[in-house]
Amino acid sequence: MIQDWRDLAQVLLNGVMAGSVLMLPAIGFNCIFAVLRYPNFAIAGFATTGAFAGWVANAVYGWPVGLALPLAFLVAGLVALLAEEAAFRPLRPAGPLTVAIASVAMTLLIENILRFSFGNDLRGYDLPILRDWRFDGIRINPQQLQNTGYAIVAAGGLFLLLGFSRLGRAMRAVADNPVLADIKGVDPNRIARVAVFIGGGLAGCGGMLVGIDTSIDPLTGFRVVLSVFAAAVVGGLGSIPGAALGAMVVGVGEEMAGLVLSPAYRTVTAFLAILLVLMFRPQGILGGRN
Amino acid sequence: MMQTTIGRRGALLGAAAAVSTFAIGGRAFAQTAPVVFGALPPLTGAGGPYGPAMLRAMQGVVEAANSAGGIKGRQIRLAFEDDQTNPDAGVRGARKLIDVDRVQALMGTWASSVTTAVAPLCWENRVPLFTVSGADSITLLPHQGHIFRTQPNSRLQIETATKWLLGKGARRVFHMAAQSPFAQSSQDVMTEVMRAGGGAVSGYVVYERDKTAFRSEVDTIMRSRSDTVMLNGYLPDVTILLRELYRAGFDGRRFTFAYAAPASVFGTLPNEVTNGLTTFQPSPDLNSPAFTRLKAAFGSTEVDPYSAQVHDHATMAILAAAQGGDATGTVIRDNVRKICQGDGEKVDNVTDGLRLIAAGRAVNFEGASGPCEFDERGDIRGTKFRYEVAEGGAYRVLELV
Amino acid sequence: MDAYLIAMLVFAGFYALMALGLNVIWGLTGMVNLGLVGFFALGAYASALLTTKLFWPMPLGWAAGAVVAAAAGAIMALIVARLRGDYLAIVTLGFAEVIRLTASNEIWLTNGTDGISGIPGPWRGDVSPPEFNLIYLGIVWTAVAVVFVLLARLSHSPFGRVLRAIREDEDVAAVAGKPVLWFKVRAFTIGAAVLGGAGALYAHYNAYIAPDGFAPLLTIYIVLALTAGGVGAMRGAIIGALFVIALLESTRFLSAIIPGVSPVQKAALREGAIALSLILLLRFRPQGLIPEKTRTKATP
């Protein structure tokens, strides 16, 4: 299969492109996990929500992607917030696993609300499809590059927020030690809401990027969600840079699947990545605490 | 303890509600006693993009038959359940249709797994099963004549298509297949036919259907220097593959099953991506008035191959019941071949068919999906295939062979 | 109608077995298993293959189904039991998907997406279909009864008490000198064995299995069953399974009478109702219909 270095470079590049689409939902997942300490499986539903919100803005109202993407963030963030306040928050005292199970149900609920409203038909964004650029036999698609750009901007925005704002410091404080943060006057509930809004919003952006690159239906989020979880675990649950790195590892791993196993086993490679990481570095590549 | 009793009472109330709804269903059946047919299309899950249109097509036929007076004066009711593209849910749905609604025929199963799972229920209860599923193994089941499959088996389809491609000058065909019951058998047939015709299958990749990125798979196609790629998948994944092939600048022929790229694909992909895409499907005679009338009947929406097939399922079941004079499963099973093959007068819709049968004339139904002639196993035979090419957001018929 | 109700009771039996299996893992020990459909599939495939290809007698096939699933459960537990529950949730979710993909792709063994048909059933063919249904109703609910009695005894044994202690606080159990990992592995193995046995019985009832049938949705149904019945209580698992089947089936009849919505919307309402009822149950009745008696606090 691999004939020269170009083929390998191409697979790596494809992996990075695929990984950058997984990156935002994975960061969103870890963002919620870092503060609330439960795996929010509804991230798939939030991603589909974002994909549909962006589609309505773009294909129905003619908004450009640059405007539709923030809308996808906003709508998915609000849906995540609503889900958290209405369904998950009351369950938090019952333990993280109860919330996790409720979030699985939430994904199914969101999928069917979207199915009820939009039906099952595939829908495409109203965007021209551009040809690949070629450099010495290696192909790269300008649109996918642009999507990667959007993902990096969104992720970078989150890094800036966490690193340099009061809110970000408060979030990190709660993530590190909620009790201590509470003593210092940080309202953990407010921080939790912010984390859920940002996490859901990023998942929504990720879902929209998937939608731009493919087409959308109520199962859009479901198709990527296992890879997203793998990315989050591989990078380290709760670690935001970890999620970004994990997404790249899983993205490259899945594209490599064709070389190692068979393209029919893409998801299996993601799972193998999880197992390998858990056996040798259970906290994930960049996860600090366990 | 208090809470426990409330919980139990709640459970009892729930059970009572469930029982009373069963009772309502039963009574409605007893009062009007229409002929009941069952539809089991996928409304959720992987078949979701196809099921709703299929159900509408079947409902359309039933409505037309009812306005034409029904079967010997009896109205027809189409009961339906969602198979969730899952054999477990499919079996429960089929149980309900067969045991509660007492359907006399079951139609419109899509996933091969669902069809294979519900088939034993059908023949045990003497209910004929009309299906669009593609797995060759389905008609090999011991079904005692109860299965009618309007989807040609993969040997017939792939052999015909590959020969056509050879005739158009294809020498290196890449086979890109979603994992499905007929991926491997398609590959075997294609290899055999290409080799005999002096060509070769230049590559074979089986991919995971539920994925959103296939770039490395497309790289494999590009490296293979194929003049043709056969996309043996379904709508969601074929849509992504077409987009990727365009991006990669693949300049060979793109060939696929019409069900994998029905006209709705023009709504999701820009024309420059779809232009030149060739599809094929079993088809009735194009020059017959039947075909044009059928297109008119479906209105502005293009008829996708599955809808065309289930349109024929419903029509055949109704005409067979009318022909046999009794709407039981066994009568329908025994009369399907009488109304769709032979020397009878050609009809293409349920209204004309019912009228002719009532007049005591022999009919030969030729449907939206082809002549609907079945061999002894229940497989379609003698069908022609229609080849179409996408041009500017619509399909243009290339030829019918 | 009778045939339908009997068939649904048979399905409820399978669901009850699965809920019992999950109850050992999740209810007693507090480990989550979102991949239970994977163990169910392993049991189904093991028994189907051994009886159709090697012509093993059915009871041996059922036992083999349980053993294969138990072995897989033991290996999985060894790898992940020392991890926190949230990792376990993701790993088990992935495991089920791997099983489904392997069954789809390893055609030489599993016949791929075509599935395995013609799986024998006890006296199938010799008796009428309604009689077969009744026979199977007996078999499945006998299995449910046997498993229930065994697990109920296990649950009240010293072993069961240790599992509960682990569920409530792993560290305390460890400090008390209990080899936590070993207990967890054993609990997971027992649960997986029950799941696998359920799968084996299911394969011989349906006569046909295919990868499509082992979709994640089934896992949600069983989790719902256990939540509805009461996590931790063995009786709850059975009540919950009956509840889920009643819910799944009654929504058919309810959605049929809703006016003004399209068939797809009805299907969406049905699936949505399942999801919503799970969320509502967790919210308003987390202890389930049959709360666990020995439980110290109402947290699953």
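Using N, Cα and C of the backbone, Cβ positions are placed for all residues, glycine too.
TrEMBL annotations: computationally assigned, not manually curated.
Model, not experiment: these values are computed from the prediction.
According to TrEMBL, the feature transmembrane segment maps to C:6-26, C:33-56, C:62-80, C:134-154, C:187-205, C:217-248.
Residues 32-33, 36, 39-40, 130, 133-134, 136-137, 140-141, 143-144, 147-148, 151, 154, 163, 187-188, 190-195, 197-198, 201-202, 205, 221-223, 225-226, 229, 231-234, 236-238, 240-242, 244-245, 249, 300 of the same chain, all 6+ positions outside the transmembrane segment (C:6-26), place their C-beta atoms under 8 angstroms from a C-beta of that stretch. Among residues of the same chain six or more beyond the transmembrane segment (C:62-80), those with a C-beta under 8 A of the stretch's C-beta atoms are 31, 38-40, 42-44, 46-47, 50, 56, 87-88, 91-92, 95, 184-185, 188-197, 199-201, 203-204. Each of C:33-56, C:134-154, C:217-248 was scored by its Cβ pairs under 8 Å to the transmembrane segment (C:187-205), and the highest score goes to C:33-56. Long-range contacts of the transmembrane segment (C:217-248) within the same chain, counting only residues at least 6 positions beyond its ends with a Cβ under 8 Å from a Cβ of the stretch, are 8-9, 11-13, 15-16, 18-20, 22-23, 26-28, 34-37, 40, 96, 144, 148, 151-152, 155, 164, 273-275, 277-278, 281-282, 286-295, 300.
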